[in-house]
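Novice: Sharing a structure below in structure tokens format, with a few things to ask.
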Amino acid sequence: MAKEPERRNSEGGESAGFSQAQGASAPTLPKTYDPREIEPKWAEFWHRHGLFTPVGGEERKTFSVVIPPPNVTGSLHLGHALNSTLQDIYVRYHRMRGYDALWLPGMDHAGIATQVVVERRLAQEGLTRHDLGREKFLERVWSWKEEYAERIRSQWRKLGLSVDFTRERFTLDDGYVRAIREVFVRLYEEGLIYRAPYIVHWDPVAQTVLSDLEVVYKEVEGKLYYVRYPLADGSGHIVVATTRPETMLGDVAVAVHPEDERYRRLVGKEAILPLVGRRLPILADAAVDPEFGTGAVKITPAHDPLDFEIGRRHGLEAVVVIDPHGRMNENAGPYRGLDRFACREKIAEDLARESYLEKVERHVHAVGHSQRTDAVVEPYLSTQWFVRMKPLAERALAALREGRGPRFVPERFEKIYVHWLENVRDWVISRQLWWGHRIPAWYCEDCGATTVSREDVHTCPVCGSPRVRQEEDVLDTWFSSALWPFVTLGWPEDTEDLRRFYPADLLVTGHDILFFWVARMVFMALPFTGKVPFRDVYLHGLIRDEDGRKMSKSVGNVVDPLEVVDAYGADALRFMLSTGVTPGQDMRFRWDRAEAARNFANKIWNATRFVLMNLRDEDLPFELATPEGIREFAAARASFAPEDRWVLHRLAETAERVTELLERYEVGEAGRALYDFLWDEFCDWYVELAKGPIYDGPPEARKRVQAVLVFVLDHAFRLLHPFMPFLTEELWQKLPHTSRVAPSLPHPSRVPSLVLAPWPTTVGVTLEAFRADADVALLGRFQEIVRLVRNLRAEVGVPPQAKIPLHVRVDAEEASAVFRTFAGAFERLARAELVRVGRDVRRPPTSLTLVFSGGEGYVPLEDLVDLDAEIARLRRELDRLDGELERVQRKLLNPEFTTRAPEEVVSRERAKEAEYRELRERVRSRLEELTRAASERRRKS
């Protein structure tokens, strides 16, 4: 299992003995890694030299990514940082693999969200948009857009995103407006866009219609009112149950299920609407749920979507009684002007007073709220523009079944996607806003004709009248966003970008907008390009706080990504996010993981500083910048030390593993593989082993080791670059040979940069040769024994600087080879003194035993520790662990805790129980050993 980065501290580098060899050249890196100095420098360098702009050429293989355009409503959040980091990893990875990569940036005008924000700002000035008028208000919004667009660009640069700013787009730029009109007109001409009255979701705060996907349903505790509707013939009454008595003022019928025997005799009769006196037909319709309330329901076509459908089937009138502001209108009679919720209470009082209210029950039900304003959504009868979705969904389903994509990661989202396509409803695309794409439809005020046109209409094409007015409404933001993959590349023109980079290879986005955006992009792309707009769709989850809660301003748990960047650097944020992600799953943000990622950067910095401090110009006997030089380097590996061959072998394995994981979209595992190799194997083992030849070895050995160190750093930086671009660029540029490395593809800037360095591969010359001839088992046995000694030192409390005597009995040649090969390194890394090594070594009295593969080690305790004091300490520790274990077990045996506490809390307690058990067993075992040793000492004395 990969180790989690958060377990690391910042020790390493100077504190781990990264010092300068006698007589070596001056250090070339500052002592302290400071991302605030490094990151802005390289962001400016990359963009100044145009390294993220494709080099062009129809013959080159390409890679492109569809960026989810952020809204111009403010700053980027952690979700943007995660999404952008994942995209950047793949763009940088493919660029290093020789692809002409395009990552086109851009922003979304975000109709409702942006207009709401700007209107709030106006309200602070005591103004409304109507005070300014449409033109002046839009000028204000454009000013907001310019201010916040620059803020977003700055944040992209800070995060190190390799976007091509020369191609930046905006969903309201001139080219986009032309494309929107082209799409709208074509869909209208095909009968796929229409205008009709319909029940829509209305936001009375934002004053606009919402799509189904913009409504959030919340469980609300309300009331169910049972109301007596008198029968018109005086023979009794029928009881109707409703949660919204305020809408009864718009009732036009009472309905029952046709097979409900309770009411069969009443079908065809009439009831009287209480408080109003209107006669209502009692009708039968199969859509009525006989299990709800009394089985009889009131029909209000203007204020309920199901009632609207029933009303259309039976030819009923629709009476609107609530206005767009959520107040009762002129059709509400004496209740006119009341807020809808105040009216509910007033009508309930009046029904009770007039003896129409039979009873009121507590009722928990799901109530729709606006995603943007959190207002309770009002079902509202309104004439709107719609997209007929079923024909578009059928094309998308056909593309998927024919293998044309898209491919979902994780795969389980394909079923969710298909289910939605098979049950899709028409999409209301008109919004009662001013900010957005104004619908290209004109109405003649003389003959009533509607004209949909690519160009502005000044006279009616039917009657010739100049009295035409354009539709006031704008298009849903998601309509324009749905065209993003191909319009940004120049559609409807036949551009080189469109030919080369469409369809995109990858879309990375949150699973929460699978229907809002992903599906709609497929819908729109197929009719206009004939292609699915992207090959692969990588869906990630949300970033939650440490306790698993959704981040929210109202809760106060939102973390600003720039706050993390300021504290630890962009690379630390990127590495923390990318190693914590699992496709399709939510992740939790933890500050200690960000700090651990910064510590990882420190570790790499200090290791590189050590290498450079001890590197002379003549120390590289191989030309490591060319394929020929690398071949020569690889051919000489037989003369290398075992640890050299081992680290090169592990580098090759890591490169292959990371490449495989990235190809499978297992980004987190790829990052953790790099972490393990660089921290554990390279820094903690190989660099420490290299100190022997560097400080005390002959010149040939020192030069060989330096070549290995530089070669491994070069290729490790290339592997890590997509994850931590700033740090790796800074360090790679300091290596002595990298300015001569040929780029992955020719670039007009001709500047050396890790951005264009070839990706390490096990295919061909680069690393393939190092996969063989490595005695991995020898190094593994060496590491095992060093760890055993280190653990013993910690467990018995040996001071860090004290060396422990070690007697070693070897029973197998494999174990003997470890001490024959690494005796000096072993004593240095284990802080031990090898007293004797051989097959006939016996266990000294009062000693502890270390068992390893092929032998045993004995550590005499005389003069090393105070046995009696250590035994007393271990007994106290055992008592403490017994108490902790008992406390946790009491908790876990309590059903109140295990059934009611959050799952993650219970899991944490179970993990604690396992940890305490393991620690207790280790302490108990060590206590037994020390007790035996103390008994031996007493017997001998």
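The backbone N, Cα and C atoms fix where each Cβ goes, and this holds for glycine too.
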Novice: Looking at 70-80, 466-476, 697-707, 928-938, which stretch does TrEMBL describe as motif ''HIGH' region'?
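Specialist: Per TrEMBL, the stretch marked motif ''HIGH' region' is 70-80.
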Novice: Scan 410-414, 550-554, 735-739 against TrEMBL and say which stretch is down as motif ''KMSKS' region'.
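Specialist: When 410-414, 550-554, 735-739 are checked in TrEMBL, motif ''KMSKS' region' belongs to 550-554.
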Novice: Do any residues of this chain, six or more beyond the ends of the motif ''HIGH' region' (70-80), have a C-beta under 8 angstroms from a C-beta of it, and if so which?
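Specialist: Those are 107-110, 113-114, 117, 144-145, 148-149, 151-152, 155-156, 159, 510, 542-543, 551, 558-562, 577, 589, in sequence order.
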Novice: Can you give me the average pLDDT across the domain 'Methionyl/Valyl/Leucyl/Isoleucyl-tRNA synthetase anticodon-binding' (644-805), rounded to a whole number?
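Specialist: A mean pLDDT of 86 is what the predicted model shows over the domain 'Methionyl/Valyl/Leucyl/Isoleucyl-tRNA synthetase anticodon-binding' (644-805).
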Novice: Using DSSP, tally how many residues of the motif ''HIGH' region' (70-80) sit in helix, strand and coil.
Specialist: 3 helix, 1 strand, 7 coil
